[in-house]
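> My structure is below; once you've seen it, I'll send some questions.
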């Protein structure tokens, strides 16, 4: 009995502490419950009942609270019984135990006194100084105690995270470990209480008298307090049920924990609160009696708390390290952070975000050496009692523990840009040795790994040399993070794209870029290291790529194999996928720039070279092919044609006599709502029209010179004047603005909109001038032959970049085809245009006629839900057409389109067919394909049921055709075939993603 007695007593004392401190916290936050306000007078007459009245915190307590109270009562009874037994057994106890029990009794007395003093102070705070919660906040600002708000918040956050992390750990730990941890923490708390009791004893009696005087004063004040004020405070209390507490109660409901765990957690909480409050009380009473709230003292308090919480953290992490050496604390911490809902993240005070804990400590220290001194006396920190070795260990652990937090705060995503600039200088001071210490490198959190700084890139080779198991684990966590980040809205993606640095880009704003680079993260120290490492990394990647290419080459020889090439090598593909998406984008952008520089005047020459590779028989084949696929684009959508002649202008009705049809609404609008263009007229008092480009479904386009911008050339798109077209035009305007805002540096190859205006009730959009579209380029240069593989590679890079931007902005273009892709004069740069059919990804109405037919994805035809994959399919069809000069799927109907797609890829998966709304139009009950064709003789429709469809179209043969290709080009064509195979998967879920496409060997490897 004697053996088990002291621990239970101690537990009891700690439970009391937890309860009291929790109540005092509530009171401090201004939570005055109704019962308390009613019982105020009675409480002051009979002081003994104070605790009991405090237990009745809320009238309508929840079930858990009742349970807790029930347990509490039982504990009290046990406690009394034990005291009786203890009295009888005291003679038999050893002197050491007796002193321990004396200490505990003394501690209880002191706690009661402390609670009384606290209550008085709180009452004084409630009425003399502050009328309402708002007042409290204002007063905090007046006294210059911004730190105090910060501290409260930090305490809250700290509590939250500690409980969370402890819960995750608690689940993993073994019970005997728990007991040992308990014993350790108890012994520490005992030491601390002993220190405190000594301190308190040494306090003079004069101070006690002063406190009594205060008490009497506050009593009088309280009596005179107006009822209205009291009711106000009650209301506030009701409203401001502090969120942390509520959250805690929810956690308790949500997770049914083992009683041992719960007890441990409650003890921990109690201890934390106790530690935070008790040493400050005396100091506060002194301050308040003088009625001077000095900001200095507040700062002191904040430091105290901070130092204590840090020590606590380090202790906890030490215990963890002993228990499970496998799991690094940084991982633990970071995972906790990831799980925290993003909505809670912004709720931190901006000041706290801006300073890392270490820097804050430094700046504080330099501000007040005097305070520092006082603090060292005040906080009898347990870390001082550790041996020097252990202290050092705890310090490094502490640093590790703080690292993920600091990283999260310092990552460019969470910081405003101007903060970064200001902070960079400070980060230079923060010892570089520490920054590169091995412990730190080891504890790199996954978040950091994703960050964009060049540091990460420079370290990656080192990371690769880890053991396979760890590499695997980190890769898994990375992919999880990537998935998570994808799901978080496009907004953050957009902001990220602005912060991104493009190292290679020789743009006008390069000076600006350099500044940004130097100010982002702390990558100033080791630039030489970075360069070396980067070269090593590039070399490694090149070797990997070659291996992949070799593998693909052998697969490509067997032309009937459709696409298992990608999944067949998960290892190599994951290895090649190691660079971050941003690196890939940068590399591709650099490639495009290089292509532009090198091929300013070589476009026509390269096309001629391709013509020369063709053999004579090719011509016969092409004429046959021509009959099969009539050119539906002969005179249709030539929106941005390069040339215009008087015949075409006359045909479009330009320069005709306006008097010809007086019945029209206006003379400047024709019967179909198109604007009648007059060469030489001035639009919006600044655009001088000098040429007519052509007309599309929605609009006609003119060329003009902008008088307000030194006669800069522009293209003006004049939308048709009818309700539907106006609506479409406004939608296009909205999407263009969104895309242009998301891509300020013009890296992503979507058409730039300069401005818009109204002219004679027509909406006019002003664009950058581009000479011609790819349909015209094909017609003019590559008719039935296609373009050079170099050009196709560069165009594919640019199209994938455009898709990337569309995805970032959650937009589907839904009409990608050569007609809607414009090129500049030198045919090196292309821009995606015509967003008239575009929609938000969430508004994807199921319609079988979305996208031009030849470029329509199979999921649209069968009426399945669709997303960004439809644009990827269209790009695949376009790339084939650019290289061969022929349309890939020249279907006459939707049914024919499905037949042609299945001729290339085999029968559509049943799982996919079942999801289609229009499946019955193309498949029977047994999901066999019903091919509808027109009989050549009778010209009637006949239906052929096809249970199996084998892939008969040979993509590689079509791509190479009759060309005699040199080896380097042949290799490139094989790669293009492989890329198209992955793009043209019938099931959109298996279709290649944009990032994967950008990393494909065809895109990455130069010719």
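Note that Cβ sites are derived from N, Cα and C of the backbone, with glycine treated the same way.
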> Have a look at 88, 509, 839 and find the one that Swiss-Prot tags as phosphoserine.
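88, according to Swiss-Prot.
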> Can you tell me which of these residues Swiss-Prot lists as phosphoserine: 411, 580?
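Cross-referencing 411, 580 with Swiss-Prot, phosphoserine lands on 580.
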> Based on the annotations in Swiss-Prot, which residue of 381, 437 is described as phosphoserine?
437
> Quick check on the recorded sites: of 118, 593, whose CB has the lowest count of neighbouring CB atoms inside 10 Å?
593
> Given the recorded positions 593, 815, 849, state which is nearest to residue 693 (ATP binding site) when distance is taken between Cα atoms.
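In terms of Cα distance, residue 693 (ATP binding site) lies closest to 815.
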> On a C-alpha basis, identify the one among 593, 699, 815 that is nearest to residue 849 (phosphotyrosine); the candidates are the recorded positions.
815
> Record lists 693, 694, 695, 696, 697, 698, 699, 700, 701, 717 as binding ATP; longest Cα-Cα distance in Å?
14
> Which secondary structure state does DSSP assign to residue 695 (ATP binding site), in the simple three-class scheme?
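Where residue 695 (ATP binding site) sits, the three-state DSSP reduction gives strand.
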> Would you mind listing, in sequence order, the residues at least six apart from residue 815 (active site, proton acceptor) in the same chain with a Cβ closer than 8 Å to its Cβ?
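Those within reach of residue 815 (active site, proton acceptor), by Cβ under 8 Å and sequence separation of 6 or more, are 834, 836, 837, 838, 851, 852, 855, 874.
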> According to DSSP, does residue 701 (ATP binding site) fall in a helix, a strand, or coil?
strand
> Would you mind reading off the Cα separation of residue 593 (SUMO2 cross-link) from residue 580 (phosphoserine), to the nearest angstrom?
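About 20 Å separates the two Cα atoms.
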> Which whole-number value in Å describes the distance between the Cα atoms of residue 100 (SUMO2 cross-link) and residue 699 (ATP binding site)?
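A Cα-Cα distance of 91 Å.
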> Helix, strand or coil for residue 593 (SUMO2 cross-link)? Use DSSP.
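DSSP call for residue 593 (SUMO2 cross-link): helix.
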